[in-house]
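A.B. asks: Got a structure here, written out as structure tokens. Questions coming.
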């Protein structure tokens with residue numbers, strides 16, 4: 001904003017044939033309106049100037065009301081104005097701002113719990129009972145704290161700006177160069193990479209569902225693995241035609257319900273069927289002490305990978321109205337608390353019951369879902385097995401929509417910036433189909449992507465656990481050397497160091513154990 005901000009104007013219009021029509025201004029307290037002049041997608045020069053319906057000689061000016069006070073700054077002497085940015089009203093994330101705490105809970109739960117939680121017992125095989133539970137608890141509290149920071153960083157009381165995208169907040173805090181260098185790739189992976197993984201898991205679950213329902217009674221030829229990938233992707237692309245983030249609230253609700261359902265079904269069935277014969281709870285030990293240390297670090301990466309969705313928190317909050325008296329952080333934090341209470345009720349029983357039932361026998365690939373069909377496929381009700389697979393399919397389809405939304409937003413912003421108009425429906429259809437089938441191509445090309453849970457957890461860990469702490473210190477400026485300052489600096493630096501160690505350890509484990517790189521050969 002800087003030199004481009006509009007100040008107060010005189011009551012009577014000034015004449016001048018050469019004076020251009022000014023942009024419409026509004027006080028920063030109107031936080032429900034788009035105000036993203038520092039958006040990484042939209043530069044200040046891209047603002048659309050409203051067409052003047054009056055002669056230039058009588059251009060109306062807006063006088064700053066004396067009774068308006070900026071958000072959180074009642075003693076401010078000068079009132080700064082924030083421009084309306086029409087771009088925001090045309091992009092999928094911020095097109096609709098009528099969300100509420102329940103919508104936030106649906107979206108947060110759908111994005112916060114997923115198939116990655118099923119490999120948590122694998123981490124316990126290296127950490128053991130005590131350290132496994134302690135580590136999972138600490139990680140849960142840590143990521144809940146950084147969620148709190150992000151929710152309160154969404155709105156800036158000083159400028160009246162709403163940071164509606166994670167990368168936008170990084171740009172405003174660290175600068176565009178540093179944000180692109182350190183945050184762009186993890187954020188892109190958490191969007192596109194998660195969608196690729198969802199296609200892989202969803203397609204495999206489709207095959208499991210078909211085999212469970214049909215068994216040996218169907219005479220129809222089952223689709224090939226690549227065809228299952230295509231079927232799932234086509235369903236996801238069809239569902240992605242819903243226009244904006246608020247419009248998929250019902251989809252997120254269904255996804256959240258089915259995610260809770262399959263997590264609960266899997267651990268309950270495993271407990272009811274009892275422990276496997278000869279189960280062992282002794283932590284797996286590598287051939288050397290170095291290998292053992294790297295295995296433990298890789299296990300920490302698996303736990304970090306289980307907590308995702310932080311890259312979507314600001315986007316979800318952007319769907320809510322906000323003003324001086326009713327800031328969006330209040331309903332958003334309420335929705336987050338509801339969602340993560342349910343997340344905890346799924347993750348902890350899943351990890352503990354899964355490790356209790358299978359111990360060291362838990363499969364590395366697929367975790368609890370693979371174990372359920374491998375060990376109990378013959379002695380468990382086919383109805384329950386089929387229902388579990390169906391819930392995984394529906395949840396994966398729903399999660400694809402919310403994780404794909406930032407990519408849809410980025411693609412449409414290219415058109416909006418250039419044409420200064422919203423994307424037509426046919427172009428929106430092309431963008432979303434293009435994204436979906438590019439993810440399909442990547443899933444078929446690298447179907448082993450889901451095997452890199454520890455490595456992915458290490459790469460994306462800063463987005464979840466470190467960057468929010470640094471952004472809080474930079475934006476909120478807590479008292480230097482005070483408790484809040486020390487807490488956030490310590491967590492941020494520890495998170496960055498842990499990320500580097502996890503990446504190195506995961507690469508070592510992958511090289512040491514070996515991974516079958518079956519390119520263009522989906523399993």
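Positions of Cβ are set from backbone N, Cα and C atoms, glycine also.
TrEMBL entries are annotated by machine, without manual review.
TrEMBL lists these features:
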REGION    1-68  region 'Disordered'
COMPBIAS  27-43  compositional bias 'Low complexity'
COMPBIAS  51-61  compositional bias 'Polar residues'
DOMAIN    98-506  domain 'Amino acid transporter transmembrane'
TRANSMEM  101-123  transmembrane segment
TRANSMEM  129-151  transmembrane segment
TRANSMEM  182-203  transmembrane segment
TRANSMEM  249-270  transmembrane segment
TRANSMEM  338-358  transmembrane segment
TRANSMEM  383-404  transmembrane segment
TRANSMEM  425-446  transmembrane segment
TRANSMEM  452-473  transmembrane segment
TRANSMEM  485-511  transmembrane segment
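Provide an account of the burial state, proximal residues and distances for the features listed.
C.D. replies: If you look at the transmembrane segment (101-123), the same-chain residues 6 or more away from its ends with a CB under 8 A from one of its CBs are 132, 135-136, 197-198, 201, 245-246, 249-253, 255-256, 259-260, 263, 266, 299-300, 302-303, 305-309, 312-313, 316-317, 319-320, 331-332, 334-336, 338-340, 342-343, 346-347, 350-351, 354-355, 358, 362-364, 366-369, 392, 395-396, 398-399, 402-403, 453.
Within its own chain, the transmembrane segment (338-358) is flanked in space by residues 101, 104-105, 108-109, 112-113, 117-118, 120-121, 123-125, 129, 132-133, 136, 140, 144, 147, 256, 259-260, 263-264, 266-268, 270-271, 273-276, 279, 281, 306, 367-368, 371, 375, which lie at least six positions past its ends and keep a Cβ under 8 Å from the stretch.
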A.B. asks: Among 182-203, 249-270, 425-446, 452-473, 485-511, point out the range having the most Cβ pairs under 8 angstroms from the transmembrane segment (129-151).
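C.D. replies: It is 452-473, which has the most Cβ pairs under 8 Å.
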A.B. asks: For the transmembrane segment (485-511), give me same-chain residues lying six or more residues beyond its boundaries with a C-beta closer than 8 angstroms to one of its C-beta atoms, as numbers and ranges.
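C.D. replies: Same-chain contacts beyond the flanks: 142, 145-146, 149, 291, 293-298, 300-301, 304, 452, 454-455, 457-459, 461-462, 465-467, 469-470, 472-473, 478-479.
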A.B. asks: Residue list, the transmembrane segment (452-473) vs rest of chain: Cβ under 8 Å, 6 or more residues beyond ends.
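C.D. replies: Distant contacts of the transmembrane segment (452-473): 116, 119, 122, 142-143, 146-147, 149-150, 153, 166, 169-170, 173-174, 182-183, 185-187, 189-190, 193, 297-308, 310-311, 485, 487-489, 491-496, 498-503, 505-507, 509-510, 515.
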A.B. asks: With the transmembrane segment (182-203) as the reference, find which of 249-270, 383-404, 425-446 contributes the most Cβ pairs under 8 Å.
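C.D. replies: Between the candidates 249-270, 383-404, 425-446, the best contact partner of the transmembrane segment (182-203) is 383-404.
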